[in-house]
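So Swiss-Prot says this about it:
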type     : residues                                                                              : note
BINDING  : Ser19, Lys192, Thr193, Lys194, Pro195, Thr196, Gln197, Lys228                         : UTP binding site
BINDING  : Ser19, Asp152, Ile153, Glu154, Lys192, Thr193, Lys194, Pro195, Thr196, Gln197, Lys228 : CTP binding site
BINDING  : Ser20, Leu21, Gly22, Lys23, Gly24, Leu25, Asp77                                       : ATP binding site
BINDING  : Asp77, Glu145                                                                         : Mg(2+) binding site
DOMAIN   : 297-538                                                                               : domain 'Glutamine amidotransferase type-1'
BINDING  : Gly358, Leu386, Gly387, Leu388, Gln389, Glu409, Arg466                                : L-glutamine binding site
ACT_SITE : Cys385                                                                                : active site, nucleophile
ACT_SITE : His511                                                                                : active site
ACT_SITE : Glu513                                                                                : active site
Amino acid sequence: MVKRGKKTKYLFVTGGVVSSLGKGLAAASIGALLENRGLEVTHLKLDPYINVDPGTMSPFQHGEVYVTDDGAETDLDLGHYERFTSAKMTRKNNYTTGRIYSNVIQRERRGEYLGKTVQVIPHITDEIKAVIREAAGGVDILIVEVGGTVGDIESLPFLEAIRQMKYDVGEENAVYAHLTLVPFIAAAGELKTKPTQHSVKELREIGIQPDLLLCRSDREIAREMKDKIALFCNVDPSAVFTALDVKSIYEVPLSLHKEGLDDKLAELFNIWSRAPRLDKWEQIVQKVKAPKHGEVRVGVVGKYVELHESYKSLNEALVHGGIGADVRVKQVFIDSTKLEEGDLSELNQVDAILVPGGFGVRGTEGKILAVRHAREHKIPFFGICLGLQMAVIEFGRSVLGLERANSLEFDEQTPHPVVTLMEAQKAVADKGGTMRLGTYPCALKDGTKARELYGVDLVQERHRHRYEFNNAYRAQYEGAGMVFSGTNPELNLVEMIELNNHPHFVGCQFHPEFKSKPFAPHPLFAGFVHAAREQRDQQADRRAAVTKLPVGKNV
């Protein structure tokens, strides 16, 4: 519902020179600063690829697919927005070229353009402007991040649309922020501004004059160099800011505030706001950089480990768990396909094992080996989505003796389909946007670790899957000691499992990483990291006891 009585102001964030400069983090950090000044903020990500959404894209190409409460499969930057601010993202907060064109084509088929020739301008650009206004929803500030790099042909309709927006809403209601790179050339021993100058030149040729520049650099940019950038880019010298490389992403809001970015935005928007309250951000950064209880090593066993962006929310949720336990989490990425070769030595070097979500049969046997290692050696274990299914399969094979127990996803001929296709999925033909997506309730069983960690009887968690535990095997599993600690109250689907004869063995069918924040670590991640810390301390105590044995003592 659009709120009345407010006129939304728009901040458009673009990027130049190279990709992966951190526009999403910059946008999220600006959102955090403005929110801490008492303003209501939300975000919109515009992605220039033709896919309708990233749901069917390879993690190696796109990175993580972030799932919202309403079941949208979106860009991972929406995760940054939710973690850094209190804004709730929905399908309205992420649009792709494919989705924009699909909307326009559907309207054309319905005859809504009254026989006109449908063109990029005005029809595509008008649709882009319409979704921008819809995403605003009456907040104080809408931060719009335009994906890609200025100069990419795919981005042109979006850039034209945001160019028009300034004239639609007025000068004081639209600000353009451009993120560029100011590289340090070691051979010359100095920073170079030419890439930034060319990037801004390209943006101005499109018709957009940036109001402020965020200059990404691995070192402070001197005032003289900022003045030079301002001169050649036609920007006020007070609107050129260093976007400094930092050790933790949670330092970015503090770094930008130190540069005076939020003050400048308040000036450009001509909007009153209070001084920001950043104490909690300073506390978080302190815990991340100097935890009281040292470091734990968590093995993340997956098949997308070469690209850490594939597990972005999970990586951050582990950091949040570390904040809660006042410990640094060192993530050790373990390729599950290599475990299948028989060398499990990497699993002996970690304090806890996590098997995240995934799709496809490749690497699954390695994940099952990791589950067995964690179960038999009493190493804290956490299985998410596919990780729960791997735990169920391993338990069926090793404990129940169900030979060739498997998921129907991987072996349609298995004699023991302990993981099966959900009933609602059996008639589904299309791949895109058809999984069990979004938030569903999970009822927790009294006396379980899950109930203890959450502290409530009913929780709401986000899902992204087609397969589930086969309830036909439920009695067998319970008889052998597996506890089904969480179920969907409407369909009786298994949502959580655990083992009582283990220090910490928990699996969940949902994705708790999507609801974790630095100021509110998710209970399952907080509990898991705490268990890893206890495991580390117990191992240290055992090693200390061995070193203190008398010489010649037989043990």
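In case you wondered, yes, glycine gets a Cβ from its N, Cα and C as well.
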How many whole Å apart are the CA atoms of Ser19 (UTP binding site) and Gly358 (L-glutamine binding site)?
26
Using DSSP reduced to three states, classify Gly387 (L-glutamine binding site) as helix, strand or coil.
helix
Rounded to a whole angstrom, what is the largest C-alpha distance between any two of the residues Gly358, Leu386, Gly387, Leu388, Gln389, Glu409, Arg466 that the record assigns to L-glutamine?
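Value for the max Cα separation, rounded to a whole number: 14 Å.
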Per-residue pLDDT averaged over the domain 'Glutamine amidotransferase type-1' (297-538) comes to what?
94
So which of the binding-site residues is most packed in, judged by how many other Cβ atoms lie within 10 Å of its Cβ, out of Lys23, Lys192, Lys228, Arg466?
Lys23
Which residues, sitting 6 or more apart from Asp77 (ATP binding site) on the same chain, put a CB under 8 Å from its CB?
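In sequence order, Lys23, Gly24, Ala27, Ala28, Lys45, Tyr66, Glu145 meet the Cβ cut-off.
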Whole-number Å distance between the CA of Lys194 (UTP binding site) and the CA of Leu21 (ATP binding site)?
17
Out of Leu25, Leu386, give me whichever of these binding-site residues has the highest number of other Cβ atoms within 10 Å.
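In terms of Cβ crowding, the pick is Leu386.
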I need the neighbours of the ATP site defined by Ser20, Leu21, Gly22, Lys23, Gly24, Leu25, Asp77. Which other residues of that chain put their C-beta within 8 angstroms of the C-beta centroid, in sequence order?
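Near the ATP site, the remaining chain residues are Gly15, Ala26, Ala27, His80, Glu145, Leu179.
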With an 8 Å cut-off on Cβ distance to the Gly358, Leu386, Gly387, Leu388, Gln389, Glu409, Arg466 Cβ center, who else from the chain surrounds the L-glutamine site?
Gly357, Phe359, Cys385, Met390, Ser407, Val419, His465, Tyr467
Is Glu145 (Mg(2+) binding site) helix, strand or coil when read with DSSP?
strand
Can you figure out which of Lys192, Thr196, Gly358 (the binding-site residues) comes closest in space to Ile153 (CTP binding site), comparing Cα atoms?
Thr196
Look at each of the binding-site residues, Glu145, Glu409, and point out the one with the fewest other Cβ atoms around it within 10 Å.
Glu409
Which one of these recorded positions, Lys194, His511, has the sparsest Cβ neighbourhood, judged by other Cβ atoms within 10 angstroms?
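With the recorded positions Lys194, His511, fewest surrounding Cβ atoms within 10 Å: Lys194.
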Run through the Cβ atoms and count how many others sit within 10 Å of the one on Thr196 (UTP binding site).
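Summing over all protein chains shown, Thr196 (UTP binding site) has 27 other Cβ atoms within 10 Å.
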How many Å separate the Cα atoms of Lys192 (UTP binding site) and Leu386 (L-glutamine binding site)?
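Cα to Cα, Lys192 (UTP binding site) and Leu386 (L-glutamine binding site) are separated by 47 Å.
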